[in-house]
Amino acid sequence: MPLLGLLPRRAWAALLSQLLRPPCASCTGAVRCQSQVAEAVLTSQLKAHQEKPNFIIKIPKGTRDLSPQHMVVREKILDLVISCFKRHGAKGMDTPAFELKETLTEKYGEDSGLMYDLKDQGGELLSLRYDLTYPSSLTDLCEVPFARYLAMNKVKKMKRYHVGKVWRRESPSIVQGRYREFCQCDFDIAGQFDPMIPDAECLKIMCEILSGLQLGDFLIKVNDRRIVDGMFAACGVPESKFRAICSSIDKLDKMAWKDVRHEMVAKKGLAPEVADRIGDYVQCHGGVSLVEQMFQDPRLSQNKQALEGLEDLKLLFEYLNLFGIAEKISFDLSLARGLDYYTGVIYEAVLLQTPTQAGEEPLNVGSVAAGGRYDGLVGMFDPKGHKVPCVGLSIGVERIFYIVEQRMKTKGEKVRTTETQVFVATPQKNFLQERLKLITELWDAGIKAEMLYKNNPKLLTQLHYCESTGIPLVVIIGEQELKEGIIKIRSVASREEVAIKRENLVAEIQKRLSES
């Protein structure tokens, strides 16, 4: 009998029509059963024939799978970052992966188009958390869930950290460590405190993390939104164009000044002489001496907002000196941000170089951490408009992951993907029960242990597994060991074996692990 899938279409149709004809009363039950089975088979054959055969298994654009090797690297980086946050007294917290769409879109103007909207479920319009990446545009919607949390729970003071995935609907740049789905790490201090003390601590945390990760030399650019707005006003920028021009200035880390000037004049309608005055400022950068110089500037010294910002930056540099990190900080007048909620100091960390091998091109991933002060955001969510001053930072862990992974790939470094300390082995058959007793004893003592899931594995296979996975110790039990009440401990690296009493096994292994 030919396969159903190979029957011509006319034969299928004829057979189906015969099977579906009304049966006689005497054989109704039997035929009905056979008819239903045949109908189901033929329908599935037709459906399979009509479906597209060339289905491609892939992940969505701008996302990635994380192998066990990747996860080891990421966990080490996140452990370092989180331990720094905890060292500074932060509490961990989390918020939903999605928020009410109106909570996000009403605050962010043009950037709201980068959010992933969810289909209406239960009468609520929702959007995924959008961009926790300060380094890309400093549009950090992790601040929105945090601000909403503070307002909703009437929290006036809090120091917290938040690690989680976010989603951004734009063209990804994989070569720069930018994805549509990525992980972000945030640290924020909420509450009314004396000026610049929390801000200085945020910069100190940035320095500690970037130094600990050993990514290479770095610099943290600092400015103040009040200085930016004061500069625009002093240069003659109409107030209605402040945010548009700010958005252009923010591109100076990616574009030359002449291209930014062209955008401001040709596309945003700014007078050429006003653009030239801005150019005199945004190409200035330095330390506290530049802050002092700006106090004497004929334009900025006449602007109240700019003077307030300069006073705070002067105080900030005093604290940075006491923290011992002033040489890592640069007052940079080109640092500007496009969002409305930043009210004071803003900062952004960039790598001056990445570790490279001879003849290798350095990696260009942009900034790796950033933050700022946002004193008005909580008030937007509070029904009575009560404000809670906040300052925070975000670590661009996705870009850092990319740098570290590329460096390890270049050096050919191997990553051990498990933390197994001991492998339980046997050279003989029918010793599964003894191995299970032995590994249970190790697990119950808190020792990380493994064994092969076979009744009678070969000893060579077991030892090769230990060498390939980096397990340092092997405990071996066989007929002779069982008879004498001993266990053999083998060092995988040196291949030396010693016999110890069975009852001393856990203590001996713990001793060896503590010494390694």
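Backbone N, Cα and C atoms are what each Cβ position is placed from, and that goes for glycine too.
For reference, TrEMBL has these:
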- 62-427: domain 'Aminoacyl-transfer RNA synthetases class-II family profile' (DOMAIN)
- Asp131, Leu132, Thr133, Arg168, Gln184, Asp188, Arg337, Tyr341, Tyr342: L-histidine binding site (BINDING)
Where does the mean pLDDT land for the domain 'Aminoacyl-transfer RNA synthetases class-II family profile' (62-427)? 86
Near the Cβ of Tyr342 (L-histidine binding site), how many other Cβ atoms are there if near means within 10 Å? 26
Other CB atoms within 10 A, centred on Gln184 (L-histidine binding site): 23
